[in-house]
Amino acid sequence: MAHCVTLVQLSVSCDHLIDKDIGSKSDPLCVLLQDVGGGNWTELGRTERVQNCSSPEFSKTLQLEYHFETVQKLRFGIYDIDNKTPELGDDDFLGGAECSLGQIVSSRMLTLPLMLKPGKPAGRGTITVSAQELKDNRVVTMEVEARNLDKKDFLGKSDPFLEFFRQGDGKWHLAYRSEVIKNNLNPTWKRFSVPLQHFCGGDASTPIQVRCSDYDSDGSHDLIGTFHTSLAQLQAAPAEFECIHPEKQQKKKSYKNSGTICVKMCQVETEHSFLDYVMGGCQINFTVGVDFTGSNGDPSSPDSLHYLSPTGVNEYLTALWSVGSVVQDYDSDKLFPAFGFGAQVPPDWQVSHEFALNFNPSNPFCAGIQGIVDAYRQALPQVRLFGPTNFAPIINHVARFAAQAANQRNASQYFVLLLLTDGAVTDVEATREAVVRASYLPMSVIIVGVGCADFEAMEQLDADGGPLHTRSGEAAARDIVQFVPYRRFQNAPREALAQTVLAEVPTQLVSYFRAQGWAPFKPPPPAAKGPAQAPQA
């Protein structure tokens, strides 16, 4: 499971802080806290204290891990420091603000009003936070071939492969090993990329040893030859290096080489990360599809999966809140289309597989996750649960919008469809076709199975064992479906479901944009630095 974990640093500044010192301005410091659950907050770090300043820009940054698949609630507190004790209880509180880390990274620069307590602003005070990923995203990309390698196998040609080692601490450390090319003395290896830090420690002059060997299945690989170089020399590609076998060189005066290694291309490139795309302005468009088929049971019966408990929740709503609360931070307008499928809908009571939950087909958008919840609760008594369970219509619906975004040929939009269902999909072939077509578009599909049905068909859509294929044999470009049964998380912490179903989204998003060759889309920075309405964390 590919969780998106990386280190980010936050830069903080404030404007128009209230003055607590008589005859001078305050001496502010910022402290960062993170919600660790159960109403508890833990301190992650503090900035330096800035003397006599009502609009400080703190030079010390605050560092923390970023996890896409969880809501990381943060609290910033600004204090006027008038003593040397580390405790803040004896210092004046100048205001605070709460938000999620997702809101910060998706906004690029987030400005919030400072509050003394809920509903009481700290004058005109504001706090501005920006994020930067602490990661060297540079990679070394190479294309390498060889000519006239020595024959090492008695009954055939050599089976050559390459190994690149970097020098460090007096040792040679393996940085990359190529695939084996069978029975070939003039091989061309696949293009490959290695993180720059791993390849040479970020230093283009670091000695690099390249070994070419003949593969043996018992592990006793035979050396064909070796040479020494550096990234700086490799970047002069196209370049050729003689492959030398040291023992042969010593024994034979007529020995020239054991072949030639040809570096056709060697470049240092930036391999963009998920945060690069998000902070570059990529909007994640979230759409929900809810199963209203008859197998859910009569919503008025406590046995129904659609039955609303006295607290107003059920498995459908719990799953929606879990996933939606994470994804909503990455969509600036917080307007989410929501659909139902498998029900007879008024006024003609025809079965629909993509009806708007708010019954407004021209504007199916709901305001925030709460808006989807409200639309669901209002739609439930107005439809007749029926069938069958068809996924393809909603997948194709979202795919049409994803195709329009793809036609813009930039990394400005990605689509995530959440399907909540209680049973096996009926239109299996049509759904396979829809998923395969969608795999060529900027979108991912998350399926959460509620109830205790047989979800084997869903597991097949989640093609972890290999690419999904249509009946005609067309293969998916990439794996875009993630399926989990809700019951597996029934007794787990609330955030566990979202952590599992969203874990693959960053990788899926990056793989799509990289395949298209699209760098992060960077819209103009916000025009004004005005305070925003404090979002609900």
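Just so you know, glycine gets a Cβ as well, placed from its N, Cα and C.
Features reported for this protein in Swiss-Prot:
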BINDING   Asp21, Asp27, Asp80, Asp82  Ca(2+) 1 binding site
BINDING   Asp21, Asp80, Asp82, Asp92  Ca(2+) 2 binding site
BINDING   Asp153, Asp214, Asp216, Asp222  Ca(2+) 4 binding site
BINDING   Asp153, Asp159, Asp214, Asp216  Ca(2+) 3 binding site
DOMAIN    1-114  domain 'C2 1'
DOMAIN    123-245  domain 'C2 2'
DOMAIN    285-505  domain 'VWFA'
MOD_RES   Lys171  N6-acetyllysine
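Here the Cα atom of Asp27 (Ca(2+) 1 binding site) is found 10 Å from that of Asp92 (Ca(2+) 2 binding site).
The recorded positions shown are Asp80, Asp82, Asp92, Asp159, Lys171; of these, the one with its CA atom nearest the CA of Asp214 (Ca(2+) 4 binding site) is Asp159. Asp222 (Ca(2+) 4 binding site) is 69 Å away from Asp80 (Ca(2+) 1 binding site) when you measure Cα to Cα. Sorting the binding-site residues Asp159, Asp222 by the number of other Cβ atoms within 10 Å puts Asp159 first. Looking only at the recorded positions Asp82, Asp92, Asp159, Lys171, the one with its C-alpha closest to Asp216 (Ca(2+) 4 binding site) is Asp159. Across the range of the domain 'C2 1' (1-114), the DSSP-based residue counts are 7 helix, 58 strand, 49 coil. Between the domain 'C2 2' (123-245) and the domain 'VWFA' (285-505), fewer than three CB pairs separated by 6 or more residues in sequence fall under 8 Å, so the two stretches do not touch. With the fewest other C-beta atoms within 10 Å around its C-beta, Asp216 stands out among the binding-site residues Asp27, Asp80, Asp92, Asp214, Asp216. The recorded positions shown are Asp82, Asp159, Lys171, Asp222; of these, the one with its CA atom nearest the CA of Asp92 (Ca(2+) 2 binding site) is Asp82.
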